[in-house]
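Novice: So TrEMBL says this about it:
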BINDING   G163, E164, S165, G166, A167, G168, K169, T170  ATP binding site
COILED    915-1105  coiled coil
COILED    1155-1231  coiled coil
COILED    1339-1439  coiled coil
COMPBIAS  1136-1147  compositional bias 'Basic and acidic residues'
DOMAIN    8-60  domain 'Myosin N-terminal SH3-like'
DOMAIN    69-763  domain 'Myosin motor'
DOMAIN    1534-1810  domain 'Dilute'
REGION    598-634  region 'Disordered'
REGION    643-665  region 'Actin-binding'
REGION    1106-1147  region 'Disordered'
Amino acid sequence: MAASELYTKFARVWIPDPKEVWKSAELLKDYKPGDKILLLHLEDGRDLEYRLDPKTKELPHLRNPDILVGENDLTALSYLHEPAVLHNLRVRFIDSKLIYTYCGIVLVAINPYEQLPIYGEDIINAYSGQNMGDMDPHIFAVAEEAYKQMARDERNQSIIVSGESGAGKTVSAKYAMRYFATVSGSASEANVEEKVLASNPIMESIGNAKTTRNDNSSRFGKYIEIGFDKRHRIIGANMRTYLLEKSRVVFQAEEERNYHIFYQLCASAKLPEFKMLRLGDANNFHYTKQGGSPVIEGVDDAKEMAQTRQACTLLGISESYQMGIFRILAGILHLGNVGFMSRDSDSCTIPPKHEPLSIFCDLMAVDFEEMCHWLCHRKLATAAETYIKPISKLQATNARDALAKHIYAKLFNWIVDHVNQVLHSAVKQHSFIGVLDIYGFETFEINSFEQFCINYANEKLQQQFNMHVFKLEQEEYMKEQIPWTLIDFYDNQPCINLIESKLGILDLLDEECKMPKGTDDTWAQKLYNTHLNKCALFEKPRLSNKAFIIQHFADKVEYQCEGFLEKNKDTVFEEQIKVLKSSKFKMLPELFQDDEKAISPSSATSSGRTLLTRTPAKPTKGRPGQAAKEHKKTVGHQFRNSLHLLMETLNATTPHYVRCIKPNDFKFPFTFDEKRAVQQLRACGVLETIRISAAGFPSRWTYQEFFSRYRVLMKQKDVLSERKQTCKNVLEKLIQDKDKYQFGKTKIFFRAGQVAYLEKLRADKLRAACIRIQKTIRGWLLRKKFLRMRKAAITVQRYVRGHQARCYAKFLRRTKAATIIQKYWRMYVIRRRYKIWRTATIVLQSYLRGYLARNRYRKILREHKAVIIQKWVRGWLARTYYKRSMHAIIYLQCCFRRMMAKRELKKLKIEARSVERYKKLHIGMENKIMQLQRKVDEQNKDYKCLMEKLTNLEGIYNSETEKLRSDLERLQLSEEEAKIATGRVLSLQEEIAKLRKDLEQTQCEKKSIEECADRYKQETEQLVSNLKEENTLLKQEKEALNHLIVEQAKEMTETMEKKLIEETKQLELDLNDERLRYQNLLNEFSRLEERYDDLKEEMTLMVNVPKPGHKRTDSTHSSNESEYTFSSEIAETEDIPSRTEEPSEKKVPLDMSLFLKLQKRVTELEQEKQVMQDELDRKEEQVLRSKAKEEERPQIRGAELEYESLKRQELESENKKLKNELNELRKALTEKSAPEVTAPGAPAYRVLMEQLTSVSEELDVRKEEVLILRSQLVSQKEAIQPKDDKNTMTDSTILLEDVQKMKDKGEIAQAYIGLKETNRSSAMDGHELNEDGELLLVYEGLKQANRLLESQLQSQKRSHENEAEALRGEIQSLKEENNRQQQLLAQNLQLPPEARIEASLQHEITRLTNENLDLMEQLEKQDKTVRKLKKQLKVFAKKIGELEVGQMENISPGQIIDEPIRPVNIPRKEKDFQGMLEYKKEDEQKLVKNLILELKPRGVAVNLIPGLPAYILFMCVRHADYLNDDQKVRSLLTSTINSIKKVLKKRGDDFETVSFWLSNTCRFLHCLKQYSGEEGFMKHNTSRQNEHCLTNFDLAEYRQVLSDLAIQIYQQLVRVLENILQPMIVSGMLEHETIQGVSGVKPTGLRKRTSSIADEGTYTLDSILRQLNSFHSVMCQHGMDPELIKQVVKQMFYIVGAVTLNNLLLRKDMCSWSKGMQIRYNVSQLEEWLRDKNLMNSGAKETLEPLIQAAQLLQVKKKTDDDAEAICSMCNALTTAQIVKVLNLYTPVNEFEERVSVSFIRTIQMRLRDRKDSPQLLMDAKHIFPVTFPFNPSSLALETIQIPASLGLGFISRV
């Protein structure tokens, strides 16, 4: 496709502009060949007619598509030309704040004049190991490329940093060196970079000065070689300097300064130590006042001087040498003030006692007269004679200046040499990376000899750069097998020949310098005669005969010839030098040693390479005059030689180029001056690189990338299985001109503009597809809209018609309703009228009838009352008469009956005197008496009834009488009242008359009062209304205040809650920070410990003197806080080796506080060791004494005692169970909460008493047995020998002590049975059964048991007495409660009845409720206690029963005696295992070896129970604790910890090993806690597990050490995880397209396809998930705690998120909408994995939140203020720097995406300016969350654990 075809309407082009250099415009119509004018539309809105050059007819440069703007690599641009490069750099620098950009192999660095957070260690770690094109451009990427190529290719590297003064060359070189020091991996030698940087202050002070362009311009070049060993670690460095601008010492242009050191000395002249220098203000010295600008704004020279002196001290320059340097510098200043007086035209003189010269001579310690003489004279030597000649004033001044320059140059070389000595390393250098900090192309208004040399050096460097670029292009074409032709590029060899060839400028200059009367003018004429009109690159100015112009590669430069000869000669008179050499000041002669001895950059380095200098590379030795001739070499000749050496060095290395650009001359941050930038781009060769690239095939695509990008241009039939053939077929159809592209082996090469054409075709295809999609979607939307509108219209019609029908129906209803309303209204009115009339009639009738009825009622009432009165009066009179009559009648009856009774009595008396009568009467008397008795009883009953009736009648009579009396009294009162009323009526009539008069008066007063009342009422109503209004206002205010108070209270509550939450969070953060700090210290200590071990091994290897018996024991210190140190016996032999290892330990940078703690701990350990040694000596003595005693005893008795001790141990373990159960029973019985249980008569009490009774009976039986045995003992005493008696008594005493240790009858019974079995199983050997006094022993034991039971009964009695006291106290409290209740009752009685009832009810309810609650609580406690006691009693009774059965089964005293003696191995009852493992002390190393050192985790994890080694180790610790052997416990734990450390050190990179031992260490730690006996850890234990608790030792300190060890293992596990996951993350999470076809590949530059690292395979998200599954399954197999697995998973996800986000922030090509979708999909897959593993609550998802928000940020809209607000609220997990970075890096993959505007980014920054977050850009991928180990008890019973034979632990036995 022809280039002219791209100039269509709306195409954008670049046109030249005098202000902006290049301006963008848009074509308004298509260009046709032959058109002379282009109609353009500028961006500022103006239209322009752009005329084409009639000669060249070149069209303006086309502008790249927006999608390519801002690319990381300029070679990725489709159109490679100057405006495209300038625009891309400006967009990246201004809009994206990116200062680095690739241009092929060149890194372009623009000085931002601002500190940027892109040089931290996190950035270094992010770039380490990455391909150069994978990350965004950076100086670290260039340094990483150089480092990797050095390591891979074993070839030296060079980084060439060039640029103008102030462009940032020194800073770039400094960052490159920092990168090498960080990634070199040599912690002990990493301070080389610090040493180099420490030399910066002094090198800047003596080599930097203020120029018109830079306040701190380097006036010399330097090449720093950083040396590496075979392991690619930094071992040293060397600095070469060249072309120091010596002329600046004696001359400065306007607004410039001399070297900084002179002004620093003048600013510090008042210091006491500087008084001898006799300095003053800088304006007092000729060498410092010429520029007229002695002060730099913002720079304090006195402070700079202090920094310079500090740097000298750091570099090892002593105070004496420092003062010597300052004396020499001060002498130079005073030398500049030396003045000359002319005698005549050919001679001059110095005034006598000239003060400046006198001071100079004093400082230099030289003779004044001699120096004064040789400053005004010179010695001339001819072949025949030597004579002295005076010189003119001008010559003397030049000689003085030459001497000052020479002294300064020698001093500069001396300092450089000292820096090299400091940086020199004794280790052999294997390779190096050189960093060349060289000035760039310079052009000023007046250019002299220095600019000429600088530009000459840049010509050489540019030639080398062009050749290297051309070579790389050629290699690329040959590698891809592309036919290529010679690319025409600018070759600056003619310019170099013009300068350095024979009869070149330097040759003619040297020749003119040799001429006796050569001048600058004669040299200029020779130049004109030699080169003018003969060399196209040489020109002569029109208006000057003392200047010449050279056409350099960057620009034309005009040089002024004045001063060339003098600067080139650099003449110094030998006599002046000899005077200085004769100085008494020792340092001064050192500066002027012979060349072969001089310490200068010309001396060879230790590696044999020649240093870059301005002096000859190899000083010759020979004739005496040779040195003088060498001394007379010109500066130009020296510089040419040093430049050749530099080029040889660079050509022998692989170069890397960094071009520093100065964006503006005013040092404004992020301000871009296009003119200045273009000048530097042209000067530094960037545009030449672009031109070389554009001349060939600048755009390069792999076949896969091309297919992915331009798949849309292909049809389905064009897609073949082979990508290469598919791309060929498509390109042949798309681009007809085959010269525009070439097919390589792996890539397609395009000429400039072809990618833009393909992008145009792709954009057109996508635009057409979008239009079709839009057309279809819009049609579908409109059709859907039409259907909605049609449906809506029908619906509206339906509702309107319905509305009309409802309105008509409503009208009909209203009409009918109105008629009905009228009917009912009329009816209502008539009915209402009728009701009124009826009501009035009824009222009248009611009043009238009421009046008549009342009258009638009054009449009836009077008659009724009169009748009642009459009735009562007549009744009273009748009753009175009746009573009198009855009284008389009764009296008469009584008298008559009395008379008759007397008569009858007489008759009876007469009859009674007769006996027969008596007998007759006596017959039936008894029956009669009975009948009479019954009659009497009946009569008594009747009497009682009558008496009751009479009593009732009397009551009735009395009541009636009272009523009648009351009625009579009332009638009397009524009569009296009637009389009184009659009198009152008369008085009332009189009063009525008076009242009528008063009524009239009152009516008058009433009217007046009513008027007053009305007025008062109105006033009152007005006042009330006012008060109501005020009340309303007050209520409103009150409500407002209440509302405000409520709101304030709510706010305060919320504030307090928030504050509490914040404080809680802060405390949690502080806790995590403290935990993290502690674990980091632990990690650092572990690292130092490993370093110490490594150094120890190295020292051992270096010394190579094996010491017998020496074994190194690892330190078991696990933290600074845990100062408990474990030592073994082996460690005692380490004193001598530790002394030999002191030198190596000094190399380790230890923490001082840690060192002091360790030193203190060592002292404590020595004391502890001494105590232990003393104790060991005592134990050994005891053992020796016991052995001596044992030797005296018979061997048979020794075996018997050994068997008895073993038997006793077994019985003790059995008795412990019964003892614990008995103690629990006693505890339960003596609980105060249930006194009923222990009261006499309670079930539990009865059971206990029954058991005590049975024990007493058993005791009596045993006493009888003892008596029988004692009788047998007496009969057998004669057979016992004295020796045996002695032994028996000794043994009995020993065994008696053991019996006294037994605490209950269970132990004694077990001991008794054991003794009987022992007697049965022991060999008699002629002795009887009781030869050793066993029966006596048993008897003593039974007596001891009896005493024990008595003490227990006494304790029970005391407990009952205590309970009785408690009951008495309870009774007393009840009495007090009763008194209180009585007082309360008395108070209630004083209350009113209603309140009394209520209070009494309330009190009673309260009392009953409390009583009920107390009873319920007591009942629950009792039930619980009863259940517990029943259970314990059953168990206890069962055990006692088994014990008694075992004791008494088939045993009797006679049988015991008559039973024959059998061997020891008697079959015994199967015993229960106690969960302990026994091993011998000498088997400890074997145990550790088999269980830890040689154990394979895979087999144990698969075939055995998880944590088996931990259980085995703990069971061994339990047995040592059971034996009360502290040495065994200490030794076992120490060996375990050291062995685990050794295994992890040996196989620390194996995930399975680290996971396995982390799990077992945690399980061991949990076992120590679970069985420690502490209540907090025993909550979940079974009763059996509680029996297994440790009894003798508290291992809390060991738990702390194991916890620290677990932390170290966890950190090591995280590092292993990180190393495994690190290579997968970027490829799987970012680069791999999980969703195929979403991401589009953009055109990339040269750097994307680097050859730094060979292809290691592509990782996908599935690879990461598989690895996560592997990690999870391994941890689960090893039985790791679930909480710990969650923490590991959280850490893994944090690593994934942090690494992904960091790479996203450093890769512009990854910041796109489609990549955000890919990331979110990948994150969702990780979340799905968490859900599958039930790990969503592990906190792992939260660690991915920054990555999720970054992905969302890539996908959200980024235009309006609402979008900015949404982004600010959404991205709360990202820092402001990260948000802005993502927005700056956001790059559209397609033209349909829009870039983020600068204004939108500014809006985001303004909204986030108040957010307080870290300024750090990258996440700390090395961060490790603090780990915790929550207690996780095991339900596994220790006694059930079986030891597999595969472990090889047959030497341990279960106990």
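Cβ from N, Cα, C; glycine included.
Describe the structural context of each listed feature in the structure shown, including burial, neighbouring residues and relevant distances.
Specialist: In sequence order, R213, Y439, G440, F441, E442, C660, K662, Q680, A683 make up the list of same-chain residues 6 or more apart from E164 (ATP binding site) whose Cβ falls under 8 Å from its Cβ.
Sorting each residue of the region 'Actin-binding' (643-665) by its DSSP state yields 9 helix, 8 strand, 6 coil.
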Novice: Under an 8 Å Cβ to Cβ limit, what residues of the same chain, 6 or more beyond the ends of the region 'Actin-binding' (643-665), are close to it?
Specialist: 89, 93, 103, 105-113, 139, 142, 145-146, 149, 153, 155-169, 172, 176, 213, 223, 242, 434, 436, 440, 456-457, 460-461, 464-465, 468, 609-613, 617, 671-673, 676-677, 680-681, 684-686
Novice: What residue among the binding-site residues G163, G166, G168 has the most other CB atoms lying within 10 A of its CB?
Specialist: G163
Novice: Enumerate the residues of the same chain, G163, E164, S165, G166, A167, G168, K169, T170 excluded, that satisfy the criterion Cβ within 8 A of the mean position of the Cβ atoms of the recorded ATP site; list them in sequence order.
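Specialist: Surrounding the site, in chain order, are N111, N214, Y439, G440, C660, K662.
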Novice: Give me the DSSP three-state residue breakdown of the domain 'Myosin N-terminal SH3-like' (8-60), ordered helix, strand, coil.
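Specialist: The breakdown for the domain 'Myosin N-terminal SH3-like' (8-60) reads 0 helix, 24 strand, 29 coil.
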Novice: Name, in the order they occur in the sequence, the residues of the same chain whose CB lies under 8 A from the CB of K169 (ATP binding site) and which sit 6 or more residues away.
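Specialist: Listed in sequence order, they are V161, S162, G163, S218, D437, I438, Y439, G440, C660.
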Novice: Sorted by position, what residues of the same chain at least six away from S165 (ATP binding site) have a C-beta under 8 A from it?
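Specialist: Correct list: T211, R213, N214, S217, S218, Y439, E442, K662.
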Novice: If you average the pLDDT over the domain 'Myosin N-terminal SH3-like' (8-60), what number do you get?
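Specialist: Mean pLDDT, the domain 'Myosin N-terminal SH3-like' (8-60): 86.
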Novice: Which residues in the same chain, at least 6 apart in sequence, have a Cβ under 8 Å from the Cβ of A167 (ATP binding site)?
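Specialist: In sequence order, A109, N111, G440, C660, I661, K662, Q680 meet the Cβ cut-off.
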Novice: Sequence gap of 6 or more, C-beta under 8 Å: which same-chain residues meet both conditions with respect to T170 (ATP binding site)?
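Specialist: Residues satisfying the criterion: N200, S218, D437.
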